[in-house]
């Protein structure tokens, strides 16, 4: 099981927005273009969250994973359910669970079933532009996920925007945990319970996931612009790290 950090590991956003990605290349990358690309991603993420994932309503009710409220869900058919008229509030966990289930169903369908043709083109063009600007960072990360058996993302961001990022950055078929309130170590423990008797490897750019991996006695690969970055990290390198620990 491969446990990935999201931001600045599988995807780039903050370093594009603040220009630090371009800064790492000693003038070889256009900083203004970096910031522009980052802002376009930021707008697209927010638009997806607000228009399709109920984010304006549930922004303040972050959960660590998508089915965390399943005990409150009575399984009602939501096909014709009127979310705009159900008087949602934080007391009613059932209504929040409905929204999480609806988000999960959209997440499973993929963006082509959610966005219109114009927005699909906008998204595809931005993905291609970003991948070219970052020398294949996004496509390399995507390829590595395809080569991995089971992938989990543990992100310090809140859950709903993280799910939107997964769709937009083409991180398909991943289990997403938000450590926003519970911390990455707790998420790592949940994943170990979910997948017993397998080997684990954590991959990220931050101190918290490194410390959590050390507590769990898992190998940890640090992602940075040098030496391990996308492209440049491959399964052979990942396996080398795992062989040292296991």
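Our numbering is plain: 1 for the first residue shown, then up by one each step along the chain.
Each residue, glycine too, has its Cβ placed from N, Cα and C.
Features as listed in TrEMBL:
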{"type": "BINDING", "residues": "5, 7, 205", "note": "Mg(2+) binding site"}
{"type": "ACT_SITE", "residues": "5", "note": "active site, nucleophile"}
{"type": "ACT_SITE", "residues": "7", "note": "active site, proton donor"}
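Taking each of the binding-site residues 5, 7, 205 in turn and counting other Cβ atoms within 10 Å of its Cβ gives the largest count for 5. The Cβ centroid of 5, 7, 205 marks the Mg(2+) site; residues of that chain outside this set whose Cβ lies within 8 Å of it are 6, 8, 9, 10, 155, 156, 204, 206, 209, 223, given in sequence order.
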